[in-house]
Amino acid sequence: MITATVRAVAVVMLLLLICGACQAQLSSTFYARTCPNALSTIRTSIRSAIARERRMAASLIHLHFHDCFVQGCDASILLDNSPSITSEKFVLQNNNYVRGYEVIDQAKSAVENVCPGVVSCADILAVAARDASEYESNSNLIVK
């Protein structure tokens with residue numbers, strides 16, 4: 001007679017095997033059809049923020065790192081506290097240490113104006129970090 005625990009383990013193992021066969025395909029052209037101007041809108045917003053304050057590039061990369069560090073890159077660090085959650089934003093390690101939230105909010109607003117309800121906050125945060133890194137890399141190549 002098979003116990004419930006053995007059955008549960010068997011089901012979990014089967015699900016893991018099935019999921020192992022799946023392969024996620026990440027693509028830089030994911031929004032090409034649904035929001036073709038998403039990436040350029042984010043880039044413009046990020047470049048403007050960095051032009052106003054050069055340190056913001058590092059802050060956006062840092063913000064993305066702290067979002068991904070806990071349980072994956074899901075933009076949960078952008079959430080405020082609510083009765084049902086304690087936000088990552090306000091935990092000791094992030095509170096008054098991580099910054100750039102307002103830049104991501106501005107980028108999200110700009111993207112929402114172009115194509116409402118299409119681009120996720122997690123994608124905006126990841127693209128913002130990428131663009132900040134690219135901006136810094138390219139500006140450091142210029143001899144000053």
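Cβ coordinates come from backbone N, Cα and C, glycine included.
Taken verbatim from TrEMBL:
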type	residues	note
SIGNAL	1-24	signal peptide
DOMAIN	25-144	domain 'Plant heme peroxidase family profile'
DISULFID	Cys35-Cys115	disulfide bond
ACT_SITE	His66	active site, proton acceptor
BINDING	Asp67, Val70, Gly72, Asp74, Ser76, Glu88	Ca(2+) binding site
DISULFID	Cys68-Cys73	disulfide bond
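Using Cα positions, the member of the recorded positions Cys35, His66, Cys115 nearest to Gly72 (Ca(2+) binding site) is identified as His66. Per-site Cβ counts within 10 Å over the recorded positions Cys68, Val70 peak at Cys68. Among the recorded positions Cys35, Cys73, Glu88, Cys115, the ones whose Cα sits within 10 Å of the Cα of His66 (active site, proton acceptor) are Cys73, Glu88, in sequence order. Model confidence over the domain 'Plant heme peroxidase family profile' (25-144) stands at 90, taken as the mean pLDDT rounded to a whole number. Calculated from their C-alpha atoms, the gap between Cys115 (disulfide bond) and Ser76 (Ca(2+) binding site) amounts to 22 Å.
The Cβ of Cys73 (disulfide bond) lies under 8 Å from the Cβ of His64, Asp67, Ala122, Leu125, Ala126, each of which sits 6+ residues away along the same chain. Around Asp67 (Ca(2+) binding site), a 10 Å sphere centred on its CB holds 26 further CB atoms from the protein chains shown.
Cβ proximity to the Ca(2+) site centre (mean Cβ of Asp67, Val70, Gly72, Asp74, Ser76, Glu88, cutoff 8 Å) flags the following additional same-chain residues: Cys68, Phe69, Gln71, Cys73, Ala75, Ile77.
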